[in-house]
Each structure stands twice: as C-alpha cells, then as structure tokens.
Amino acid sequence: MASKKRNVIVGQSGGPTSVINSSLAGVYKNAIERGFDKVYGMLHGVQGLLDEQYVDMSTQIHSDLDIELLKRTPSAFLGSCRYKLPEIHENMEIYDRIFEILDKLEIDSFIYIGGNDSMDTIRKLSDYAIVKGHKQKFLGVPKTIDNDLALTDHTPGFGSAAKYIAASTKEVIRDALGLTYKKEMITVMEIMGRNAGWLTGAAALAKTEECEGPDLIYLPEIAFDVDDFLAKVKELLQKKSSIVIAVSEGIKLADGRYVCELSGGGDYVDAFGHKQLQGTAAYLAGFLGAEIGCKTRSVEFSTLQRSASHMASRVDIEEAFMVGGAAVKAADEGYNGNMVVIDRVSDDPYMSSAGIYDVHRIANEEKLVPREWVNKEGNYVTKDFIDYVKPLIQGDYQPIMVNGLPRHLVLDMKKK
Ligand code: F6P
C-alpha cells in the first residue's frame, strides 16, 4: 500500500467574502483526493496558529453535503485575522515558532486564502523556508471583494459582491423612484473596496432594460471634488427628481484626505496601516441635504455586500473552489512562494483557468481601475469596465434552504 502523504494546513485571512469558504472546500476536497493524510485549518489565520489554534478539518466535514454547505457559507469558516508578520530580520523567534508548529503537525503544504496583505505572509514564510532549508511549501489562494490583486484577471469574492451591489442598486433605484412624486430625493450608496473602485463601478451593472442605473459613480482612483459634485447633482435635479449616487468608501480629496474623515471617520487603523473607512455616504447625504434642502438618504452596504451568499454568482463560487484545489495541486507538484491566479480564457462563452505567479510580484501591490475605464468627468465607468465585470456575476448557486432560510456550515468547537 502506498504510504500517505504528509499534511496540509489551510488558513483564511483578511476581509471575508461570500465565497471564501468555497476555496476552503476546494483545498479540502483536493487534498483528500490527492492522498494527503490530514487537512488542518488554522483558526484565525497565522495569528491563531501562533497560539496553536487549529482544527482537523475531518472533524468538521463529514459528507459531500457538508462540502456543498461550506461552499454556500459566507464569512471565514475558520475565522480570519489581520495580522502582519514582522520582517524576518526583525523577529526570527516568531518564524521559528511557526515552523516548530508546522513540523509538529507534519505539514507539507501551507495554503493561505487571502488578499494582498495575506500574500505578504506567504512571501515571508516561503522566503524563510528557503533560507533555513525547511521543506514546507507555501501557496496563496486569491480572495477579496476589492478585486485589487495584481496579475490575476479578477479575485474570487468580487463577482458575488458585484452581483449583490448591482441587484441592490436596482432595488434602491426602484424604492427611490416610488417615493419621489412631486418631491426630490437624493440617495447616496456607499460601497467597499478601500483604494480600488472595482466594486463601486459594478453599480453600473444595474443599468438594464427596465432600470436606468445609478446617476453618478465615484471611484477612489479619481480625486473627489466637493464643489464639482454639488454642481453636478444640482444640474441633474433640473432634469429628474430621484438621483442615486454610488460612492466608494475610499474616495479622497485632492489633498489625500478620505471624504469619510471629514465627518470624523477613519480613526481606527489596522496592522497593515489601513484606516477603517466608513461614513462617506452619510457625510455626503448630509452635505447635499444642507446645501440643496431636499430629502436625502444614505445606504451603507457594509458587511452585507461581502456576506450575501444567497446572491452569490455561480461563476464566482466555482472559480473560488477551483483556485483552492489548484493551490493544493501546485504545492503537491513542488511549487513554493506562489499564488494561484485566474486567467480569463474567453468572454463569450466566458471561460477561465487557473494559473500561477510568484507571490513576490503580488504581495502588498494594489491593482486599481485603469483611468481609461472611467469617463472623462470621472463620475461613471465605461463600457469596457462593464464588459469586464458582466461575465463574473453570471449564474446562481441556490442556497440550501431550511425553514425558509439558507443553511450554513459552522465550526463546531466541541468536535475539535
Ligand atoms: O479588504 C476587504 C474589505 O472588505 C475592504 O473592502 C474594506 O475596506 C475592509 O475589508 C473592511 O475591513 P474590516 O471589516 O476589517 O473593517
């Protein structure tokens, strides 16, 4: 009988998405099919691992139905973290501690599902392994609703969040239109994405046969001018009574201040130096209300946009699963210090495949919306942008409904 391979450990890190667990399911299924002995899950990423917090995934997943439930479960099943490893020369003990735990668990492959900050962890650990002659392999699986990872056509999580944003924007527009008989109303919607406007731009997909879509879209890539904004809204109000505006949480003034900071937001800063961006729409709705004197409303999609698994895109869930499996395959074939990417093979019919890149070219980089995909005035996205996003929101992945609500798979610590 062939001897069993050593073990895999997988972790989730950074802001969750509605399909991050589909990648986890892909890692698990592929690792078992490839003959790895155990698949461990780090609880709260590398931060939890340092406290020896992990779970044997076979205590959590018992059947194909559990795999299907996991694929449909939003947020990080294993718990996430925003933990920045020190540079290797700054604190070798942390690295020694991690490798001690990996050796104890007989780990062959370390798989981390995350965004650009999480790829920094893969970069450092794989560098350390090479320098110190450790045998473990470190592979990254892309994940983020922000879609800001370099070298991959797009990131798992983005398509589903974009689908939710586009669908919700249609609903917000309908709601507002029904309220504006002989009176004006301005609705400002705030969309996540930090410094990249991919998700905010996806609000443009709400423009369909029966819906005119949002009136204005402001991305963080373009400096925001409050006076131009006010003038544009006033001009639109001459022609229509309901105005719906999509703004990124991360829009900034020309002097670099976030708009949300004008109302006191952005105080909390995480380990990677990112400010918590919140309150942009509320600030702008208040500002327009005071300047124009009409009814205004702010809608903050907040965590809903990254956890709405009932609205997930089939393309997204399937690709998330694919990249999880591809990372295990790559590790099994001897790759180290790489991230799996999604290559777009064709638009119509839409097809993609998994590729692989050196994580040093991805960690800490931010892929922004190109200037030519935003109109000249800087207040809408172009057809090229829409054509790029449209295939990624296609298809449904029906939740498994129990008593009228989606059923999720949740970590059972008693079985740990
Ligand atoms: O990185 C993904 C993301 O969802 C960003 O869009 C957002 O700015 C950030 O996470 C919010 O992070 P947190 O939930 O930790 O405040």
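Including glycine, each Cβ sits where the backbone N, Cα and C put it.
Note that TrEMBL annotation is computational and uncurated.
Among the candidates Glu90, Glu93, Glu249, the residue that TrEMBL names alongside Thr144, Ile145, Asp146, Met192, Gly193, Arg194 for the substrate site is Glu249. Residue with the densest Cβ environment among the recorded positions Lys143, Arg194: Lys143, by other Cβ atoms within 10 Å.
Other than the site residues Thr144, Ile145, Asp146, Met192, Gly193, Arg194, Glu249, same-chain residues with C-beta atoms no more than 8 angstroms from the centre of those residues' C-beta atoms, the substrate site, are Gly15, Asn147, Asp148, Ile191, Ala196, Trp198, Leu199, Gly250.
Taken over all pairs of the listed substrate-binding residues (Thr144, Ile145, Asp146, Met192, Gly193, Arg194, Glu249), the Cα spread reaches a maximum of 15 Å, rounded to the nearest whole number. In three-state terms derived from DSSP, Arg194 (substrate binding site) belongs to neither a helical nor a strand segment and is classed as coil.
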